[in-house]
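Student: When I checked Swiss-Prot for this same protein, it listed these features:
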- 235: active site, proton donor (ACT_SITE)
- 48-53, 74-75, 111-112, 139-140, 244, 273-275: NAD(+) binding site (BINDING)
- 225: substrate binding site (BINDING)
- 75: site 'Plays an important role in discriminating NADH against NADPH' (SITE)
């Protein structure tokens with residue numbers, strides 16, 4: 001069938017197999033063109049491996065360092081009449097490229113929060129990899145089932161403490177408008193921490209340590225976004241921010257429990273980008289459209305793959321990586337520095353319905369959004385019939 005994007009609200013409900021494969025190939029090509037990346041990981045577990053920063057981490061590990069990779073993700077398979085999710089096609093493309101390079105790659109599809117999927121991952125690592133020397137935690141989910149109690153927790157995107165009114169951009173209706181968000185109650189904050197905090201990251205590391213699958217000196221990192229004043233009320237100082245603070249707690253706990261193995265655990269703060277997660281957050285489409293404009297003009301714009309390649313070479317596997325006062329690895333400085341933020345703030349204050357497309361790089365935002373689902377990718381013929389079926393072997 002010929003596949004065109006079906007957009008509903010902030011998500012695209014279908015995906016393009018060839019477009020996803022082309023996007024993965026572009027990222028692999030970028031990493032392969034970077035030359036020798038130096039010493040790095042050899043056996044990598046990526047939890048949340050199929051899109052965005054998690055997929056980029058898997059690509060850098062495999063094609064930058066020649067590492068064996070095990071991915072864990074939760075994707076919907078295709079049928080003859082319905083496309084799979086983008087992450088399914090990304091993973092199929094990754095497997096094909098890895099196989100051609102003679103690299104070990106396996107992927108487990110299921111709920112990473114569950115005990116069953118952790119057990120499957122442990123069996124696979126024992127059988128195929130021995131031990132892992134890098135664990136990437138890059139999950140984004142709106143809900144989590146507690147593996148002990150079966151209780152379902154749901155995350156909310158709300159400010160903490162007081163109501164918040166600000167500008168936002170409705171991608172569906174192409175309009176700038178004010179949005180008012182009521183503050184979260186204690187239960188909503190607690191549930192968001194359960195879903196998006198560090199508990200599950202810690203449980204993964206506990207399970208791997210118990211099975212003696214963490215190599216001496218193994219590194220692990222969970223990804224976060226910290227941002228600055230413009231996004232703090234909905235991000236840093238909001239329910240998501242509270243959950244992300246819990247990652248700092250988890251990092252310290254992981255290090256403390258695994259001292260004899262010299263395990264290093266970091267929270268890594270990355271720049272704001274169009275991802276399936278960020279497009280769902282109020283304010284972010286407007287903010288990202290503006291930072292794309294400013295950072296492209298400054299020559300500092302980067303996508304997922306450039307950010308992760310930099311994280312690995314300049315921070316995670318550097319001799320003595322620079323840490324912030326909370327002990328985090330920071331890759332967001334080109335966005336969060338005062339000069340860049342001042343330019344974004346000036347645009348933010350000026351932007352209206354009438355001048356939005358002129359002041360922002362919404363065209364760039366929309367292109368990246370479509371690309372998440374395999375659409376608007378350079379060199380792909382979108383009039384060509386597509387086979388929706390794609391496998392991971």
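In case you wondered, yes, glycine gets a Cβ from its N, Cα and C as well.
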Student: Name the residues of the same chain, 6+ apart in sequence, whose Cβ is under 8 Å from the Cβ of the residue listed as 'active site, proton donor'?
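Tutor: Counting only residues 6 or more apart in sequence, the Cβ neighbours of the residue listed as 'active site, proton donor' under 8 Å are 225, 226, 227, 241, 281, 283, 284.
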Student: Minimum Cβ neighbour count within 10 Å among the recorded positions 52, 74, 75, 244: which residue?
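Tutor: Per-residue Cβ counts within 10 Å for the recorded positions 52, 74, 75, 244 bottom out at 74.
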Student: Between residue 244 (NAD(+) binding site) and residue 75 (site 'Plays an important role in discriminating NADH against NADPH'), how far is it from one CA atom to the other, in Å?
Tutor: 24
Student: Give the helix, strand or coil assignment DSSP yields for residue 50 (NAD(+) binding site).
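Tutor: Reduced to three states, the DSSP call for residue 50 (NAD(+) binding site) is coil.
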Student: I'd like the number of other C-beta atoms within 10 A of the C-beta of residue 225 (substrate binding site), please.
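Tutor: Taking all protein chains shown, residue 225 (substrate binding site) has 23 Cβ neighbours within 10 Å.
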Student: Counting every protein chain present, what is the number of Cβ atoms, excluding its own, within 10 Å of the Cβ of residue 50 (NAD(+) binding site)?
Tutor: 27
Student: Can you check which residues sit near residue 139 (NAD(+) binding site), meaning Cβ under 8 Å from its Cβ, same chain, 6 or more apart in sequence, and list them in order?
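Tutor: 47, 48, 54, 112, 200 - these are the non-local Cβ neighbours of residue 139 (NAD(+) binding site), listed in sequence order.
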Student: Go through 48, 111, 274, the listed binding-site residues, and name the one with the sparsest Cβ surroundings, counting other Cβ atoms within 10 Å.
Tutor: 111
Student: What's the CA to CA span in angstrom from residue 274 (NAD(+) binding site) over to residue 75 (site 'Plays an important role in discriminating NADH against NADPH')?
Tutor: 19
Student: With DSSP assignments reduced to helix, strand and coil, which class does residue 244 (NAD(+) binding site) get?
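Tutor: DSSP assigns residue 244 (NAD(+) binding site) to helix.
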